[in-house]
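**Student:** Copying in the features that TrEMBL gives for the protein in this structure:
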ACT_SITE  Glu172  active site, proton donor
ACT_SITE  Asp304  active site
ACT_SITE  Glu437  active site, proton donor
ACT_SITE  Glu479  active site
BINDING   Thr566  Ca(2+) binding site
COMPBIAS  12-22  compositional bias 'Basic and acidic residues'
DISULFID  Cys377-Cys424  disulfide bond
REGION    1-29  region 'Disordered'
Amino acid sequence: MSTEPGLRQRRKDASPKNESKETVTAGRATSGPVSVRSILLLSLAAVSFYIYQNAATVRSTLNLWAGYSDSAQLYWGGEVDFVPDLEKRDAVGEAMLHAWSAYERDAMGDDEYHPISRTGSNLTEAGGIGYTVVDSIDTLLIMGLDEEYKRARDWIENKLTFDQDAKFNTFETTIRVLGGLLSAHHLTDDTMFLEKAKDLADRIMPVFETPSGLPLSMVNLAKREGVPDVDNKGLVSTAEVSTLQLEFRYLALLTDNETYWEKAEHVMSLIKKAHISTGLASIFMNPEDGRFVLAAIRLGSRGDSYYEYLLKQYLQTNLTEVVYKDMYDDAMNGVHNHLIQKSQFAKLTYTSELIPERNRMGEVSWRLTPKQDHLVCFLGGSLMLGAVTTGAVTQPVSLPPRPEELSPQGQRDWATGIELVETCMRTHDTATGLSPEIAHFRIPSDNMDGTRAPHDWYIKGDRPGAPAPYDARYILRPETVESLFVAYRLTGNPRYRQYGWDIFQAIEKYCKIEGGGYASILNVDRLPIEHEDKMETFFMSETLKYLYLLFEDVNVLPLSKYVFNTEAHPLPIFHPTIRTGFS
Ligand code: DMJ
């Protein structure tokens, strides 16, 4: 896929690094009056402390000096730079090789990898389903890692079987494995991938056999049976049922089998029918009656990719299915009216959650909770992409878009998208430069004054000496770099590359395991760091892919021709031959 020679080829050609070894001659300290030196040191300490306490303010002041006024940030008028940065791209490629080689050495074929113990494990005792191999294979292809790709392909052809008598998560299996196979098929035209994809999809299809047609959360792949999620009383999560559509629709196109399309599309018609008046969706639905149940409303876990796929279904079929534009626009109005907030001090744009509460009379009220999952960081890029498509008054819009090319809603979404990307970057203002799993934004009622928390946000439960709370982890998630990739492709603004590079450097510094692979860390705001022995499959599938593409030639996988599924597997945009069955 690269327009440049593959990474292996480039590595052979690479000349030794020109490392300049600066010799510093330590001079003797000038023996000035002690008091002057002390004053200088004290002032330096005071300035450093002020910068630490007021990182966001200092950063915005520096941005203003550098010419990034608020409006300039929104409609980038600076130099548009779409030139590939091959050195940085290849550094990310080397990271992929470091991750993949360790997995291949220690755990080839296993679903998951543990880089510290150098072991692999499977999701169930029945056996693996190619979770890591299939999730990573298109990244190997895109990066030109041809030998690794060939071995991965051979493993899929000869060793992978979906005949596993155990229950697997419907959504995760679809986005990682079915999505990975479809993407590999598209990039190579190799029918082996399509055959495997059909086999897997046919084993998943029985999940749709419920009274409503909403798919069950789990599936037994050997028995071809949907299995209810007893932990959640048989309910299904909204994001999970509504994040299968890109994959099943593309499979329908490739196989001419409309059933895949119809089953997946029926879910969307149910969601439209069950419509909550705000345009938002609660995070659980009932597969018996196809309705929403009273539950939290949020853009984070169990909600996130519902919003993502509303837009992407509209994009996948080349802006032809207006029903998805309407549903997406409605949802984004709900997001703006109910979930978007400004932080107390630095006025950062963030998203909150709505939690339902019942009083003794059974009446429901909604509590606004200022909690933003790292997962929500997909939204910045998504809003920007929506602004130049559903929010455009002309097609195609310029890159970057001019305000007059966008509708009022498009302008609103563009602005919010850019602001959310900035906020997600501010959640990287931690000891490691990495963002936590969950950030809580400060509100007056939380009794956190400025002396206890230096930021507009904090990590709940993070106390000196106490074990790291769940919220403090960084598990190699992709959402911020996903948005940086989209923001860069739509603007050519080099600041997004710089942000991506900063995150990549932090990953290299704190998550890289010398013996091979990368590991999650338990607390992004504590040094020295502690690792957790796990490299999530989305690190190779998404995080490294988006970082690589951030520095790659923009003609590789252009957003005008591709939609990325929620696991970063690129699927082509096409013109549908099947008509939308609902409006
Ligand atoms: C991925 O599996 C997908 O991006 C999903 O939509 C959300 N969670 C992970 C990555 O964080």
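Note that Cβ sites are derived from N, Cα and C of the backbone, with glycine treated the same way.
Annotations in TrEMBL come from automatic prediction, not curation.
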**Student:** Which one of these disulfide-bonded residues, Cys377, Cys424, has the sparsest Cβ neighbourhood, judged by other Cβ atoms within 10 angstroms?
**Tutor:** Cys424
**Student:** So of all those recorded positions, Asp304, Glu479, Thr566, which one's Cα sits nearest to Glu437 (active site, proton donor)?
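**Tutor:** Of the recorded positions Asp304, Glu479, Thr566, Glu479 has its Cα closest to that of Glu437 (active site, proton donor).
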**Student:** Checking your reading of the structure: which of the recorded positions Glu172, Asp304, Thr566 lie inside a 10 Å Cα sphere centred on Cys424 (disulfide bond)?
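**Tutor:** If one measures from the Cα of Cys424 (disulfide bond), no recorded positions come within 10 Å, so the answer is none.
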**Student:** Less than 6 Å between Cβ and the nearest atom of ligand 1 is the rule; apply it to the recorded positions Cys377, Cys424, Glu437, Thr566.
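**Tutor:** Checked recorded positions vs ligand 1; flagged Thr566.
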**Student:** Which of the recorded positions Glu172, Asp304, Cys377, Thr566 has its Cα closest in space to the Cα of Glu479 (active site)?
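**Tutor:** So, spelling it out, the nearest of the recorded positions is Cys377.
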**Student:** Can you tell which of Asp304, Glu437, Glu479 has the least company, meaning the fewest other C-beta atoms within 10 angstroms of its C-beta, among these active-site residues?
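**Tutor:** Each of the active-site residues Asp304, Glu437, Glu479 was scored by Cβ atoms within 10 Å; lowest is Glu437.
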**Student:** Would you count the other CB atoms within 10 A of the CB of Thr566 (Ca(2+) binding site), including those on all shown protein chains?
**Tutor:** 24
**Student:** Sort out the sequence-distant neighbours of Glu172 (active site, proton donor) for me: same chain, 6+ apart, CB within less than 8 Å of its CB, listed by position.
**Tutor:** none
**Student:** Could you state the whole-number distance in Å separating the C-alpha atoms of Asp304 (active site) and Thr566 (Ca(2+) binding site)?
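**Tutor:** If we compare the Cα positions of Asp304 (active site) and Thr566 (Ca(2+) binding site), the gap is 10 Å.
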